[in-house]
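I have placed the structure first, in the form of structure tokens, so that the comments after it can refer back to it.
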């Protein structure tokens, strides 16, 4: 056996095992990810939402202190965690409230408010929605952080499977022109061609979507890193101060933040004591206005007692990486045509997974080992596979 | 006689497609309008090529 054959067998083994381990989970991710590409459209179709009042261009937004008071009147005994501007619907914003300030925000109640009148719209329970169930299956399979990290690990295996797939593509194509599809041959041959063709055509997309997905599974850890790193640094002088007894105006704090970071638009505000802020600050997160900079958030920390700016810094690289990786995973950054292309690429990825498993089962049944089949592509023509 | 293809020949087309796809992935992040259109075309290319190769149905 030559050195090349030996090395190809090794790559073949890597491709086989990384693929086999992750395939089932990748199928789950591709299938649940498909409706998630269109989650806005599906939600609009399946669920009625109270529409915000018609507001002609230039209508000033409501005073946010009033808006907050109206929201809290709908949730007696609850405390606000976040105030969030709706990216897709400028007429609406969200107030996220929990039982206590240190309660787990993933269980928060979301109250939807009219941006311009400050009036209450609705507070839908999203947890029963089809898109929510898909999202949970897709991000953590209802298993919390361990579930997320596990799927991240499967994502890493997926990326290794793609890279080893590129290597074993070469011997497979030694006698074939690019894009060969042997339509007259047995199903095993045709499916091998589909697997090779779709696999190699989608290499860049699957690698990027796969790896950005892995990065997304680390979001909770990235947030913790930021909390103990930059956020702690920015608020060091407040470490020993008592929790403010009375909070300053939210509306005023946001105005201070707008002035401190000119040219950027508020995206959300984290109230003092939440994961995204210190116990003494409103953290106002602002975004830019290009497709890329609209994903990069910059926090301005406003002293929640004095209403003055404490500090504003660009996020560290590891947070920016996470934010940039999100659109690249979701495909939501180029309008509806991009979403449709994303869906088609997702369906082709399902083809790659299914044909891959099928080829493995076929070869197992015929006794031709995957490694040998890959190292010696001619074995696909063996009589056992021609039946 | 079977001609064995060199690695360069095997990977030339896939390399071009990977580069085009990468341009498509980045383009819509950079801007709107034409930037988005470039992205649709560039990422639509692999899908289109897949359909072309499968439907051509020429026996090898």
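Any Cβ shown, glycine's included, is placed from N, Cα and C.
Just so you know, TrEMBL annotations are computer predictions that nobody has curated.
Look at TrEMBL and you will find A:20-38, A:149-170, A:191-215, A:340-361 tagged as transmembrane segment.
Segment contact is absent for the transmembrane segment (A:340-361) and the transmembrane segment (A:149-170), given fewer than three CB pairs below 8 angstroms at sequence separation of 6 or more. Nonlocal intrachain contacts for the transmembrane segment (A:20-38), taken as residues 6+ away from its ends with a CB within less than 8 angstroms of a stretch CB, comprise 130-131, 134-135, 137-138, 141, 151, 154-155, 157-158, 161, 213, 330-332, 339, 342-343, 346-347, 349-350, 353-354, 356-357, 360. Away from its own ends, the transmembrane segment (A:191-215) comes close to residues 29, 151-152, 155-156, 158-159, 162-163, 165-166, 169, 172-173, 179-182, 321-322, 325-326, 328-329, 331, 345, 348-349, 351-352, 355-356, 358-359, 380 of its chain (Cβ-Cβ under 8 Å, at least six residues beyond either end).
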